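In Swiss-Prot this protein carries:
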- 22-36: compositional bias 'Low complexity' (COMPBIAS)
- 48-63: compositional bias 'Polar residues' (COMPBIAS)
- 159-205: domain 'F-box' (DOMAIN)
- 612-634: repeat 'PbH1 10' (REPEAT)
- 796-818: repeat 'PbH1 18' (REPEAT)
Amino acid sequence: MSSSSSPFFHPPPQQVMDDTTQQSPSYSQNSNSPSQHTFESMEPAAGGSTSMRYSPSGSSEADNPTLGLFSAQASYPYSLRKRRPCLTKDEDLCFPITAATADETPQPTMKKFKLECLSPGEARDFSIEDESGTNLEAKMETTECEPEEEEAVEEEDQQDHINRLPEELLLKVFSFLPDKSLLACSSVSYRFNQISNSHEVWKELYCNLYDYRIPLFHPSHAKFEFREQSRWRDGNPWKESHRQLHHGVHVMKEPRVNLRSVNYRCFDQIEKAQSFLEEDEYREKLIFLHTGVHEPIDTILINTDVQIIGASDSRDITSSVVLEGSKNTALTFTDGSANAYFGFITVRFRADPVCRQQPQIAQQAQQMNHFYSILVTDKDAMPYIERCDITSKVGNGAAVCVKKSAAPKFKYCTVLDCENVGIYITDNATGHYEHCEIARNTLAGVWVKNHANPYFRKCTIHSGKDVGVFTFEHGQGYFEKCNIHSNRISGIEVKNSANPVVIRCEVHHGYTGGIYVHERGRGQFMENRIYANAYAGIWITSHSDPTIRKNEIFTGQQGGVYIFGEGRGLIEQNNIYGNALAGIQIRSQSDPIVRLNKIHDGLHGGIYVHEKGRGLIEENEVYGNTLAGIWVTTGSSPILRKNRIHSGKQVGVYFYDQGHGLLEENDIFNHLYSGVQIRTGSNPKITRNKIWGGQNGGVLVYNGGKGCLEDNEIFDNAMAGVWIKTDSEPTLRRNKIYDGRDGGVCIFNRGKGLLEDNEIFRNAQAGVLISTESNPTLRRNRVFDGKSAGIEITNGATATLEENQLFRNKYGGLCVATGVTPVQRGNRIYDNHDTISRAIKTGLCLFKVSSNNSFPMHNFYRCTTCNTTERNAICTNCIRTCHRGHSVELVRFDRFFCDCGAGTLERHCHLQNVPRDNDTVYDSATPISTETGTEI
């Protein structure tokens, strides 16, 4: 009987081949459709084994004689004949059985011949014969099928022993078959197809061959990814992974025989595997380096697109597969390695044990040569190095060296515990370094020099015994989203005209500074977070000129940005806060541009310019700092323009010890001390600023301070708008000083200066108060609408008053105390309210006019009968009324308030309508100078 009549075989392909032809099955993506499998011819290999070799997809046997296990150009392995229908006595035809599955098999029309399946969808192999061996199919062409013959057929049908075997037993049998036989079995029957494509069978084969415990996805050259079974689109990930990897050769410390793969090749040295692959141009260059420590005789030289990947049954494959060099560089990539791959391997260099035992020899060897764990050199060296652990235990040479325009790609690698530099990139080399960890190296984690320009992204560089990243001698580089921390010296050091880009990195917890730019270093540092460093977050020195933009610099144990030694740079749009010292320091003739920053909540000052520092400081917001918002001292002369300086816990802007510079168009407000303080020889120019809300006045000039204040608005300060005291001599010109809660300008303690063309109005006390031996010059000022006198001169002071206008002041235009003789020329005093004179005329106590908020100037007396002291003063009307008949004496014409009316004497004032308690009287408080010293 023809096998084609059996329902246990699938329909053959159109092409019919000779049964004697030797065939090998091929791999198909659809493991559930045996009719789609094809086969190819096999040539016996040396030693009697069948040799399977890689062939590019789509090539024919004629084009490539090396067609192998998974070729798609083979044919069906059996010679099959066409099926004939079963004839009946009544000349009715049975339905031809055209499908191998029960779902597609129609029922016969005759009861006398019925096919029974063992199970739905299960294919079977049997023949139908009578007792004499005559083929029943032929007999049925002319005779009727009898019941006895039908019973014989059923009895014979029950003899299908193979298909009646338990599935566990078949799985056990299949677990011993090689991949070639498994693929062949998949075309025998549906049941064989299911079992030969089961996960258990292919997983055991896969693990024995590759040692992996997770399927390795290898869709294209130099791309490898371990994927859990649930992430594979194919039905059998183990089988699919084997299809992708079966062309590879294996390197083991102790090569083993594996009979389950027809393509299996195993060597004990990487060099031998490389030589084998170079001889076969059609075979994929793929090497599996298995568990163990592999010690090459000399450097492993890679100048092709070979792929080398670690293979181990350990969860940590990388640490289980070690390539160790001891006499020379362990691994070198040169020209031709543009598409090479190296992954999941530990690479390390250790000195030869003989050299280690003889230190002198080791020292001489190190002086003569540099040794590396991995060396990538020359222009066309562009390997992909992935998930490797790299270290070097010699003091002369980096773990990784990239030079001479090489451009490798390192990804998910570690470079740890090296005795020298971690990664050394030089001589115009580039490359990509992503998701790497570089840590605990004796010298810098990364060296970049000689115009090298690598790309680092999402790397962690930490715990080094030196610098984290060191760029020097025109080195460049792009560092993005790296985490650089806990290095003994700076996180990043830029030197000798190096010019890197550092963007969106974190630089923190350095044992010294965060970023150190010196010796004409440059660089662009943008959108980084720089914090918790022991020294300054960023140091710029010795003619360096970096760009610092949009960074967060905070909680440093010293300052935020420190610029000295004639440093320059652009510091722009940064958020600098919470540092132990000044947010920005500029010293020793440095001249940066500082603009659009927020500098706030520091434990020290905001910006500190000293030791002849300069710089353009504009459009910054400086607030909430413990000490002065901006300090300018020791010969410094910065330009401070359009800044907003506010809410400080001391002074807004503080010039001292020969501090100079230009303070222009700034908003300075709401400080606990003065808005601006000038002292000890400082001589800034302060122009077009708005200064308000100072709790200790607007501007305080003292201790020999100078300065030129022009065109400013000084208003709404708790004390005087401008204080001039202790031998200070500023120039005030064209300012508007108004709405002060004390006087407009107060000049004390030998204060001098020139007040010219100012408008002083609506202040709570005198527009200008001159006292205690002071001698200023007032020229062409307008003092008006004051709630006290326009100008008051008292206590031994004098002044030169020229062409001033004093009008609409409450107590009078000009009030001069006894013994004061100012120089007056061309002043106009008019339309003042003269409230004091009117009160005297109407018999009012002057305290009724002034209360305890101001000090009217008039004749004041003391009463000897009431035992008043020199500190007490009584107005004229109280002497006439309350102390009539007492012994009194004139004190002087001066600024007092009436103690009788204030209720501070034992006698009750008869001129007060209601009793008053002894409120604390008010006097112009002494201005508070900053407690900050001259040293940080």
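Cβ atoms are placed via backbone N, Cα and C, with glycine included.
Sequence-distant contacts of the repeat 'PbH1 10' (612-634), counting only residues of its own chain at least 6 positions beyond either end whose CB sits under 8 Å from a CB of the stretch, comprise 563-564, 582-583, 586-606, 640-661, 668, 671, 677, 682, 684, 930, 932, 934. Remote same-chain partners of the repeat 'PbH1 18' (796-818), defined as residues 6 or more beyond its termini with a Cβ less than 8 Å from a stretch Cβ, comprise 747, 766-767, 770-790, 824-837, 854, 856-857, 892-895. Mean pLDDT for the repeat 'PbH1 18' (796-818) in this predicted model: 96. According to DSSP, the secondary structure content of the repeat 'PbH1 18' (796-818) in residues is 0 helix, 11 strand, 12 coil. Each residue of the repeat 'PbH1 10' (612-634) gets a DSSP state, and the totals for helix, strand and coil are 0 helix, 10 strand, 13 coil. For the domain 'F-box' (159-205), residue counts in helix, strand and coil come to 32 helix, 0 strand, 15 coil, using DSSP.
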